[in-house]
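What follows is a single structure, written as structure tokens, with notes after it.
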Amino acid sequence: MAGAQPGVHALQLKPVCVSDSLKKGTKFVKWEDDSTVVTPIILRTDPQGFFFYWTDQNKETELLDLSLVKDARCGKHAKAPKDPKLRELLDVGNIGRLEHRMITVVYGPDLVNISHLNLVAFQEEVAKEWTNEVFSLATNLLAQNMSRDAFLEKAYTKLKLQVTPEGRIPLKNIYRLFSADRKRVETALEACSLPSSRNDSIPQEDFTPEVYRVFLNNLCPRPEIDNIFSEFGAKSKPYLTVDQMMDFINLKQRDPRLNEILYPPLKQEQVQVLIEKYEPNNSLAKKGQISVDGFMRYLSGEENGVVSPEKLDLNEDMSQPLSHYFINSSHNTYLTAGQLAGNSSVEMYRQVLLSGCRCVELDCWKGRTAEEEPVITHGFTMTTEISFKEVIEAIAECAFKTSPFPILLSFENHVDSPKQQAKMAEYCRLIFGDALLMEPLDKYPLESGVPLPSPMDLMYKILVKNKKKSHKSSEGSGKKKLSEQASNTYSDSSSVFEPSSPGAGEADTESDDDDDDDDCKKSSMDEGTAGSEAMATEEMSNLVNYIQPVKFESFEISKKRNRSFEMSSFVETKGLEQLTKSPVEFVEYNKMQLSRIYPKGTRVDSSNYMPQLFWNAGCQMVALNFQTVDLAMQINMGMYEYNGKSGYRLKPEFMRRPDKHFDPFTEGIVDGIVANTLSVKIISGQFLSDKKVGTYVEVDMFGLPVDTRRKAFKTKTSQGNAVNPIWEEEPIVFKKVVLPSLACLRIAVYEEGGKFIGHRILPVQAIRPGYHYICLRNERNQPLMLPALFVYIEVKDYVPDTYADVIEALSNPIRYVNLMEQRAKQLAALTLEDEEEVKKEADPGETPSEAPSEARPTPAENGVNHTTSLTPKPPSQALHSQPAPGSVKAPAKTEDLIQSVLTEVEAQTIEELKQQKSFVKLQKKHYKEMKDLVKRHHKKTTDLIKEHTTKYNEIQNDYLRRRAALEKTAKKDNKKKSEPSSPDHVSSTIEQDLAALDAEMTQKLVDLKDKQQQQLLNLRQEQYYSEKYQKREHIKLLIQKLTDVAEECQNNQLKKLKEICEKEKKELKKKMDKKRQEKITEAKSKDKSQMEEEKTEMIRSYIQEVVQYIKRLEEAQSKRQEKLVEKHKEIRQQILDEKPKLQVELEQEYQDKFKRLPLEILEFVQEAMKGKISEDSNHSSAPPLMTSDSGKLNQKPPSSEELEGENPGKEFDTPL
């Protein structure tokens, strides 16, 4: 497969994550360069990380789009106030040094026009945290490649942040955001029951995300999506089932170039997860159904991006030699405008490196100030000068902020002062420190035949490309000096002297920037001032190792020298000349060595050549003017947007392998490279312009010369509609893309007058097929918030027309044979020969063996086979004819072959079905319900016992009080007894009263005990009735659930069976194809004419055999399916038969329980009574009857742990 990879890439990109401190906001002081006024603000970031916004003391909110942020700097790298008064204002009353609390946020629409947001934090830690977080958000690759839905959410967030001081959303902001058609906006607002006057405002709570979505649907209706939705099965019903959605994703959205083992099609469970994520109606989602609204959300969601996130991530092998990569390279990096006049800028080095460039150019000249500081400028022009030291500091600051891979510094050294060159070398050593690669790596010595180290080996390293000082004899040096002076007339190549030994650093005049064609005036103009370089001093020469510039002489000489550390630069005209004359040799040269291409000197406007020209030859450092955002620069940005924006892209395999030769001008398919076929249909656009204008779309393809098609397609211009134009035109088809790994598709949108709106550049290899939104970018490759195109893309491996019939016959032989039979019947009326054959076929007296004799091929004449019939044999003849060579003759063998691919499929048993997750989940739920029911009844029992205990205590207290009173009276009476006048009848009366009191107390306790016993019986009966009812319901639900589970599992098994059948057919074809190949191999040993005869016969017989075998296999598969379906019915019936059995068992169980219950309660109370009697006899003189009833029943209900320890089958759960 074209898209197959050795392994599945594990995505390393992190989604946007905004920290709490950024969401809550922090106090800062904002200051301006040109003002002494400072403004206290509260700085925040929205939860999605779209905007950076702040509120001042007047409650006014300002926004900064994080997609415009280039860098965030703090401490010594941040801007510091120059005005002493301003500095004093900022430093008042704050903790920590002012320099450590400074933050500068750099933002702008491009690399040249940048602005600064200057802030001061109140604490150093806060400054560091905000700097790191803001930079992380601004450079997040997933945020730069958001889904369509995320961009619409960004627009919504912008509206929610730009509110009035009262917290309301001004409608003028909505009109301004969707300004293309005011009337449409007004109608859409009214449809949402919102005010529509431009001067109105609405409360934030009235403009919810749901209302916003309805507003968008009214503003930009999408009938084309309704049509797609209907086309895929939602014609009679307002939804797609999970199976229909699965077919849509696997058949339309999946890349057919991917390996099916490493990247299998989505399964039903995975599609169900997607439906649950995007379907707003939960009841539909649970049924596995998705509405048109959910379908629209899926199409605009993160899973349906036009480019896979894996391609954005660092997914290429970074361990190959440096020469195997394209390297993002800049020309005259310091310039901000044209080549002849304008400003040079240190900031350009920062911006270029932050954008992903890995090779920058430094034009160094002698400083003419008293300090003798070297400068960087464009020599002999009106461009300004900048400090060399400041440039080195800027490079050190930003070298590895966005990519860890090596930086290449391309020095164009015109400094003829040894002292200043020494300063340059010293600055490089001191400022770069350990990052500067001073010595070659041990594994990669500077020797012939040794490849360059890899980007992985050189991570976080800076390499210098500069002339290397020679260590030859003084005579040689003298000659070289003369030559060097003469070389001032050269323009961009190297010296005429060639090193005499293979040692490193032998060519101080072997500049990559001297032109060997020095007498050619035009060439000199093309190549600029690079040839006037000064001699390298010892100090600068010592910095050079793996990138040693030499004069290019020929590809043959370079091959003989075989020095990977030597490289040459070519002005674009010279590079084009070499590419035209020796394309294959140029590709070979670039496999081992580096080459750098740069714009010709006549491009004074800083325009660019097309980099694709030189990528096609494998040139690594194709240097462009980054300050000019023309089409060439846009293609360059599109190229290096992928592989983690690392600045390195691995070249196609054929441009790396030493055993393969590649011609960039090839027009045919290259053996070993799978070409692609790409089809693009532009369906519609959304919010393309903020004006009411017509729009159109253009499609280009860039790649090898054979693949490149400029303005290959252009749609019609929509009539005054930029909100939702629909084109629905025929797709543009790129039939054969020879080298897809180096081809890119550009889709651009323009207003009717030709004004550029936006575009997108997509590598062919990374494009996902299917229905997708393409969110547009501006010229600087920054994402636009609202403009998008909706397209349908088909991409697949290319099949030549000549093989289309063979591919069709092999992939679907039955349909192919049926088609051949149909054609035979259509031709039968035109040929007498065919009529005779039909008559013979109808003749009952003809023997089967005679029929095929007429169709046998005659001996070959001059290598061409002749047969008696031009059409395939009718099926009746094919069935009765004798087996052709290579066919399976014996039926037993046929059955053996079929049995070898036929898989045994067993139906799931009831026990296996009961282990299904949904059934087990329901069982657990029922178990919990029964536990809760028992707990409730235990609580009622406890409450009842508490109530009776209280009543008992009251009776006992009353009894004790009355008894105490009587006993007190008895004591008094006893005293009186001692007096002679006291009557005896008083004491007898008191005894009677005490006896009566005891009798009354005993009766009350007996009554209370009887009442307690009855109430306990009632409670337990109530519990049993509840349990019985609940278990009866549980049986119904479990039987129903088991039935549903059985149906679902059986349906899935039948679906799986279809997949198994297809695999079995493929396996059968594979085995038969193996036999066919063996026979073809055998036939190769014979003479050519005989071999051709047998090969033709083999193909014919092979197709017939495959048809017969597949028919037999299908019969066997059909019997297997019938048997499985029968077994499924049997299992479902067994499940239904379980229900009455379980219900009878339940009835019997509770009849027994009810019978035993009164006796159990009585025994229980009596047992408790005995225990309590013995207890009370030791502690109290009161009658113990009531206390006995509170024995065993008056205990806490069992805990959930205790209940879980019980047998659920016996206590709470149903027998099922």
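Every residue, even glycine, has its Cβ placed from backbone N, Cα and C.
Residues or ranges marked as active site in Swiss-Prot: His331 (among others). Secondary structure at His331 (active site), as computed by DSSP, is coil. If you draw a 10 Å sphere around the CB of His331 (active site), it holds 25 other CB atoms from the protein chains shown.
Feature annotation from Swiss-Prot assigns active site to His378 (among others).
According to Swiss-Prot, the feature compositional bias 'Basic and acidic residues' maps to 472-483 (among others).
Marked as compositional bias 'Acidic residues' by Swiss-Prot: 507-518.
Residues or ranges marked as compositional bias 'Basic and acidic residues' by Swiss-Prot: 941-951 (among others).
The DSSP breakdown of the compositional bias 'Basic and acidic residues' (959-979) into helical (H, G, I), extended (E, B) and coil residues amounts to 19 helix, 0 strand, 2 coil. Annotation comment: Swiss-Prot describes 959-979 (among others) as compositional bias 'Basic and acidic residues'.
If you look up Swiss-Prot, you'll see 980-991 (among others) marked as compositional bias 'Polar residues'.
Annotation comment: Swiss-Prot describes 1075-1095 (among others) as compositional bias 'Basic and acidic residues'.
What Swiss-Prot records for 1187-1198 (among others) is compositional bias 'Polar residues'.
What Swiss-Prot records for 1207-1216 (among others) is compositional bias 'Basic and acidic residues'.
The domain 'PI-PLC X-box' feature in Swiss-Prot is assigned to 316-467. The average pLDDT computed for the domain 'PI-PLC X-box' (316-467) is 94.
The domain 'C2' annotation in Swiss-Prot covers 656-784.
Same-chain residues at least 6 positions away in sequence with a Cβ under 8 Å from that of Cys17 (S-palmitoyl cysteine) are, in sequence order, Gly49. DSSP gives Cys17 (S-palmitoyl cysteine) a coil state; it is part of no helix or strand. Annotation comment: Swiss-Prot describes Cys17 as S-palmitoyl cysteine.
For Ser236 (among others), the entry in Swiss-Prot reads phosphoserine. The C-beta environment of Ser236 (phosphoserine), restricted to residues of the same chain at least 6 apart in sequence and closer than 8 Å, is empty.
The annotation phosphoserine is assigned in Swiss-Prot to Ser417 (among others) on the grounds of similarity to another entry. DSSP assigns Ser417 (phosphoserine) to coil in the three-state reduction, outside any helix or strand. Applying an 8 A CB threshold to same-chain residues 6+ apart, the list for Ser417 (phosphoserine) reads Lys366, Glu372.
If you look up Swiss-Prot, you'll see Thr509 marked as phosphothreonine, on the strength of similarity to another entry.
Its own atom aside, the Cβ of Ser582 (phosphoserine) has 16 Cβ atoms within 10 angstroms in the protein chains shown. In terms of DSSP secondary structure, the compositional bias 'Basic and acidic residues' (941-951) contains 11 helix, 0 strand, 0 coil. A distance of 33 Å separates the Cα atom of Ser582 (phosphoserine) from that of His378 (active site). Of the recorded residues, His331 (active site) and His378 (active site) place their C-alpha atoms 11 Å from one another.
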